[in-house]
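Colleague: Okay, these came from Swiss-Prot:
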BINDING   LYS14, THR173, ASP174  ATP binding site
BINDING   SER54, ASP141, ASN153  substrate binding site
DOMAIN    280-358  domain 'PUA'
Amino acid sequence: MRSIIADSKRLVVKVGSSLVTNDGKGLDHAAIGRWAAQIAALRAQGKEVVLVSSGAIAEGMQRLGWSKRPREIDELQAAAAVGQMGLAQVYESRFTEHGIRTAQILLTHADLADRERYLNARSTLLTLLRLGVVPIINENDTVVTDEIKFGDNDTLGALVANLIEGDALIILTDQSGLFTADPRKDPNATLVGEANAGAPELEAMAGGAGSSLGRGGMLTKILAAKRAAHSGANTVIASGREADVLVRLAAGEAIGTQLIARTARMAARKQWMADHLQVRGHVVIDAGAVEKLTAGGKSLLPIGVIDVQGAFARGEVIACVGPDGREVARGLTNYSSAETKLIHRKPSGEIETVLGYMLEPELIHRDNLVLV
């Protein structure tokens with residue numbers, strides 16, 4: 001089996017907290033130097049690289065003398081502010097040794113949820129790559145709140161891969177890849193060498209939380225691969241402890257778990273809707289509506305809605321959940337939650353009678369709907 005990275009030109013590399021902070025003992029300058037050297041080698045092969053690096057909060061904790069990750073958001077933000085300084089300085093110093101300029105970019109979910117800011121971020125990143133700069137991206141932990149957090153840098157890495165239309169996402173972690181079961185508990189667990197990024201059984205294999213330093217467990221990495229596949233990007237999950245792992249992947253060596261994007265690439269606007277707009281509520285739809293959305297490419301009509309949950313306004317994103325509780329689609333609603341509660345289970349011809357007006361015959365038009 002040949003590594004999918006060998007034929008990939010534009011890469012997003014995500015490095016976890018434990019790999020850049022030596023399991024929380026402060027920034028590991030030697031390890032960061034090795035990442036810089038490997039990325040320089042990839043650049044010499046003509047590959048473009050964007051680096052998503054965790055470590056700001058962990059470095060801030062070390063500088064502040066904290067042994068446990070705080071739970072209060074203001075303390076997390078303070079740690080991020082302290083740690084981000086050191087993280088940026090070390091990366092700049094190490095890449096300069098190879099004659100490479102770096103750029104620091106801090107993002108929040110709100111930056112990508114706004115279409116204009118999303119396009120500006122994309123333009124900036126593509127310009128930096130054209131100029132030969134390595135962008136180093138992290139979540140802007142000093143200003144985020146629970147409502148606008150990405151949640152983890154695995155998710156951020158996938159969204160960046162979509163943003164720049166990357167060929168592949170490489171998630172480097174302290175684990176060898178995805179196993180069929182937890183290898184710490186099951187001696188028969190085996191490494192998954194390659195799989196479809198959208199395969200539902202992967203999520204069951206990946207259950208469990210991450211380390212106390214970071215926020216991402218294996219499940220977040222599987223979900224990140226699924227997101228990256230929206231833009232056609234493949235994903236590799238591999239151990240960052242492997243010597244020269246990036247160089248070896250680029251040379252064609254299969255390391256870790258390869259998750260292949262086998263779904264059709266989404267149109268740019270639908271990709272943005274699926275990945276960057278926050279879901280404000282959801283509707284439960286019947287089996288017939290599920291069939292029409294997934295197989296027929298139809299719009300969602302009010303008559304197919306069984307239940308309405310959450311508070312949302314017209315034009316916001318809502319999720320469409322089947323009778324089994326599984327999300328099948330999401331899209332921009334033509335009616336608020338209050339209006340939807342009045343018209344659900346009713347044919348479109350009765351909307352005006354119930355509400356006194358009809359904005360649209362569909363709850364979600366197919367042009368504003370994305371299958372997930």
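Every residue gets a Cβ built from N, Cα and C, even glycine.
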Colleague: Specify the secondary structure state of ASN153 (substrate binding site) as given by DSSP, simplified to three classes.
Modeller: helix
Colleague: Select the closest residue to ASN153 (substrate binding site) from the following binding-site residues, measuring between CA atoms: LYS14, THR173, ASP174.
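Modeller: That would be LYS14, the closest of LYS14, THR173, ASP174 to ASN153 (substrate binding site).
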Colleague: Work out the three-state DSSP category of ASP141 (substrate binding site).
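Modeller: Once the DSSP labels are grouped into three classes, ASP141 (substrate binding site) ends up as coil.
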Colleague: Rounded to a whole angstrom, what is the largest C-alpha distance between any two of the residues LYS14, THR173, ASP174 that the record assigns to ATP?
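Modeller: Site span for ATP, by Cα atoms: 12 Å.
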Colleague: With substrate as the bound species and SER54, ASP141, ASN153 as its recorded binding residues, calculate the greatest Cα-Cα distance and give it in Å as a whole number.
Modeller: 11
Colleague: Using only C-alpha positions, which one of LYS14, THR173, ASP174 is spatially nearest ASP141 (substrate binding site)? These are the binding-site residues in the record.
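Modeller: Out of the listed candidates, the nearest Cα belongs to LYS14.
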Colleague: Measure from the Cβ of ASP141 (substrate binding site) and count the other Cβ atoms within 10 Å, all protein chains considered.
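Modeller: Cβ-Cβ neighbours of ASP141 (substrate binding site) within 10 Å number 22.
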Colleague: Look up THR173 (ATP binding site) in the DSSP assignment and reduce it to helix, strand or coil.
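Modeller: The residue in question, THR173 (ATP binding site), is strand (DSSP, three-state).
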Colleague: With Cβ-Cβ distance below 8 Å and at least 6 positions apart along the chain, what are the contacts of LYS14 (ATP binding site)? List them in sequence order.
Modeller: LEU51, VAL52, SER53, SER54, ASN153, ASP154, LEU156, GLY157, LEU169, ILE170, ILE171, LEU172
